[in-house]
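Have a look at the structure below before the remarks.
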């Protein structure tokens with residue numbers, strides 16, 4: 001049997017495995033939720049990966065496929081979905097009131113930091129977003145300009161509002177969705193969505209697509225996670241606004257793609273898009289379990305290691321120079337699972353996933369028809385990692401470790417506050433004050 005035939009059989013079998021999982025997931029519980037969205041995206045990536053595998057040009061980018069890496073990848077992705085799967089089969093209908101004003105203060109801080117970035121967006125609007133539609137090379141030029149400064153990334157903190165804003169960017173979406181379930185605090189909710197829009201515009205100015213795409217995927221997953229807690233009117237409005245917004249967002253993303261890849265010889269824009277979207281599982285199959293070494297956690301836990309070690313690379317440029325022995329680096333996508341296997345090796349990666357997702361599974365178990373906000377936060381984190389990393393990489397790596405820190409602090413506060421309220425319950429008047 002020819003290698004091409006074997007490759008197609010293996011890639012198709014991997015796709016069929018996710019189709020079967022989607023059917024199983026909805027066999028008894030027909031509700032569409034975050035898990036549905038994640039598995040659907042995995043199916044979509046699987047279809048596109050087959051197209052890329054058979055592309056006349058990009059088929060040469062991949063080695064022959066083997067069975068075990070697909071089994072490993074599927075198992076790890078399902079392990080990462082365990083908390084969401086449990087929530088799907090044990091659904092809740094309401095979110096318990098956390099009775100805290102800290103969320104309001106946190107939202108205001110995020111909004112202020114986002115507003116402080118507007119002058120930068122305005123100053124680059126003519127040379128950034130507008131130019132994408134008037135200059136065929138604008139997206140490529142903006143990307144090359146941002147790539148030139150990559151060697152200085154992570155070396156020092158130069159823009160405090162931007163650092164804070166980026167650290168809380170995913171939490172901003174979480175808070176905006178939570179406030180939508182309350183049907184109140186409409187001003188804060190609207191301003192939070194404005195800051196989310198700012199976060200989407202920033203990568204566009206730099207000619208980058210990944211930040212835009214991961215933000216859209218996060219909003220999509222967040223909506224599916226919170227959908228059952230929203231009333232029908234809010235659901236309908238969100239769907240309509242969401243469809244229009246996604247259509248508008250895809251315009252600059254398409255312009256960037258054409259600008260960066262439209263003039264390359266030997267390949268069409270469609271071929272490059274298929275390679276961009278479908279490469280994750282293919283490169284994982286080729287290199288995820290045997291990349292020629294490990295990065296010793298210096299991508300997924302970069303900031304944490306820099307606290308205790310002095311030789312940790314500050315950015316991807318330094319890291320690629322430090323590990324030239326690796327057969328693949330983070331220029332290519334290997335999914336979030338691949339980031340961990342390349343960082344720690346396949347065995348240690350399994351242990352890490354078992355520890356983290358086993359703990360999350362235990363902490364997100366519900367015994368009633370309601371869920372606490374800190375439990376919902378853990379489900380949201382699980383969703384973000386899987387939704388963002390199914391095509392891409394572990395999106396909380398390098399300086400995005402700050403996002404992990406913000407998650408830890410927010411979860412810790414909400415959990416501690418819940419314990420405190422159980423021991424010292426608020427009376428009705430105090431509850432009104434907290435709101």
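Each residue, glycine too, has its Cβ placed from N, Cα and C.
Remember, predicted model here, so these are calculated numbers, not experimental data.
Annotated transmembrane segment per TrEMBL: 6-25 (among others), in sequence order.
Taken from TrEMBL, the feature transmembrane segment covers 32-50 (among others).
For the transmembrane segment (70-90), the list of distant contacts is 10, 13-14, 17-18, 21, 25, 28-29, 31, 33-35, 38-39, 42, 281, 284-285, 288-289, 335-337, 346, 349-350, 353-354, 357-358, 360-361, 364-366, 371, 378-379, 382-383, 385-386, 390: same-chain residues at least six beyond its ends, Cβ to Cβ under 8 Å. The transmembrane segment annotation in TrEMBL covers 70-90 (among others).
Long-range contacts of the transmembrane segment (102-122) within the same chain: residues 161-162, 164-165, 168, 171-172, 175, 178-179, 185, 188, 191-192, 194-195, 198-199, 201-202, 205, 410, 413, 417, each at least 6 residues beyond the stretch ends and with a Cβ under 8 Å from a Cβ of the stretch. The transmembrane segment annotation in TrEMBL covers 102-122 (among others).
Annotated transmembrane segment per TrEMBL: 160-180 (among others), in sequence order. If one looks beyond the transmembrane segment (160-180) by at least 6 residues along the same chain, the residues whose Cβ comes under 8 Å of a Cβ in the stretch are 95, 103, 106-107, 109-110, 112-114, 116-117, 188-189, 192-193, 195-196, 198-199, 215, 218-219, 222-223, 225-226, 230, 234, 238, 373, 376-377, 380, 384, 399-400, 402-403, 405-407, 410.
Same-chain neighbours of the transmembrane segment (187-205): 104, 107-108, 110-111, 113-115, 117-118, 121, 124-125, 128-129, 132, 142, 165-166, 169, 172-173, 175-176, 179-180, 211-212, 215-216, 219, 249, 252-253, 256, counting only residues six or more beyond its ends whose CB sits under 8 Å from a CB of the stretch. Here TrEMBL flags 187-205 (among others) as transmembrane segment.
Among the features that TrEMBL reports, transmembrane segment is placed at 211-230 (among others).
As annotated by TrEMBL, transmembrane segment applies to 242-262 (among others).
Annotation source TrEMBL lists transmembrane segment at 344-362 (among others). Within the chain, the transmembrane segment (344-362) has long-range Cβ neighbours (under 8 A, six or more residues past its boundaries) at 72, 76, 79-80, 82-83, 86, 288-289, 294, 296-297, 300, 337, 378, 381-382.
Feature annotation from TrEMBL assigns transmembrane segment to 374-394 (among others).
Summarising the annotation, TrEMBL assigns transmembrane segment to 400-416 (among others).
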- Query: Considering only Cβ pairs under 8 Å, which range in 6-25, 374-394, 400-416 makes the most contacts with the transmembrane segment (32-50)?
  - Reply: 6-25
